[in-house]
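According to TrEMBL, the protein has these features:
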type	residues	note
SIGNAL	1-24	signal peptide
DOMAIN	148-484	domain 'Peptidase A1'
ACT_SITE	166	active site
ACT_SITE	364	active site
């Protein structure tokens with residue numbers, strides 16, 4: 001009898017649309033189809049919308065987000081629950097945009113950089129072959145610096161640092177002294193000589209052999225992380241104590257001490273890696289699960305990144321898949337997609353990973369808008385347009401080709417958008433997660449786009465929670481054993 005790990009599972013909380021309903025087709029559409037359209041209501045609040053955007057644009061988190069250094073944090077184990085606070089990028093680092101429209105354009109520019117990074121990594125691979133702990137997630141401010149950030153302590157005594165959450169990275173790292181090439185960050189650069197728990201890893205260390213991202217120089221284990229957009233971090237691999245505010249700490253976690261760092265990571269000290277590799281953070285602390293809830297990026301509220309938290313009893317379940325051509329990324333197993341309750345015909349490769357590594361749907365914390373492979377996007381977009389032809393169209397940012405003018409309206413009835421998960425169950429998105437404002441003049445856009453590559457990506461707009469409806473998603477990775 002041998003034991004292997006089942007594939008990880010992806011759990012979504014049950015999403016209840018308070019305003020979901022069915023609507024009979026109008027006469028001019030009835031000739032085209034005979035089914036009833038499933039609709040929901042998108043609530044619009046133009047008077048308060050402007051104020052909400054101004055709150056984000058003028059928000060200074062340093063006056064409200066405070067975390068004390070803890071010289072003697074409680075030691076945690078892999079069986080414990082712990083959490084970290086999460087915050088959207090624009091709530092943490094004030095980007096000083098003139099208006100909401102320029103803020104949106106900045107987000108979409110970063111999104112394009114993130115997409116190119118993922119696609120470049122996929123292309124390169126194809127061509128070359130604890131204890132319960134909780135921390136908050138925070139959203140970033142510069143290109144490729146991440147969209148959601150958390151704050152953790154490193155060393156003893158602990159020093160606090162902002163790291164951006166990345167489910168596509170396998171090595172956690174932060175900038176370190178001596179820093180020969182570094183970018184500007186919000187906190188002082190970590191000085192390992194001031195930490196009593198710091199230990200440099202030799203080339204013989206197990207952690208140095210666990211990944212292909214390391215090399216050996218003068219018997220020191222050096223890591224080299226290169227991102228698809230040209231950003232990089234190079235330095236020594238070390239073990240350190242990592243602490244989580246009042247929820248405890250974990251000793252001897254292997255993280256990168258970056259001495260050469262370039263790219264658009266402005267604001268954060270580095271990356272908290274939640275990829276599927278052996279050196280990713282949750283793998284090292286032997287967490288049986290991690291979950292995150294992403295707040296709306298126009299909100300001041302924070303949410304949490306949790307480890308070893310109990311599974312919600314009302315969750316939907318589907319598998320996470322592994323792509324042999326890109327082991328760092330998580331792929332979610334969806335069976336199909338519906339618009340207005342109707343199955344949309346899409347290529348099989350939209351949700352299925354092909355032998356050559358193409359296809360499938362990546363779930364990514366750093367991508368903003370859900371991207372569908374070109375043929376799938378056209379089918380979904382065309383169906384949504386067909387069911388919204390009575391709504392006034394508008395021009396939006398270049399990324400979006402389906403936008404609407406909702407100026408002066410308080411609510412609008414729109415078709416539902418749902419992903420089919422296991423056993424025929426549906427994950428129905430809140431309307432706020434696929435129709436998003438792009439300016440202060442009532443322009444809303446359909447928050448899907450083409451990937452221009454045979455891969456699809458589930459973005460954080462579709463994942464994020466909604467403070468009004470209390471709807472949120474949770475990513476849950478379970479390592480369960482089975483006998484053969």
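Cβ atoms here come from the backbone N, Cα and C positions, even for glycine.
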Can you check what DSSP calls residue 166 (active site), collapsed to helix, strand or coil? strand
Do you know offhand how many angstrom separate residue 364 (active site) and residue 166 (active site) by C-alpha? 8
Take the domain 'Peptidase A1' (148-484) and average the pLDDT across it for me. 84
Give me the count of other Cβ atoms within 10 A of the Cβ belonging to residue 166 (active site). 26
Cβ neighbour count (10 Å, all chains) around residue 364 (active site) is 24
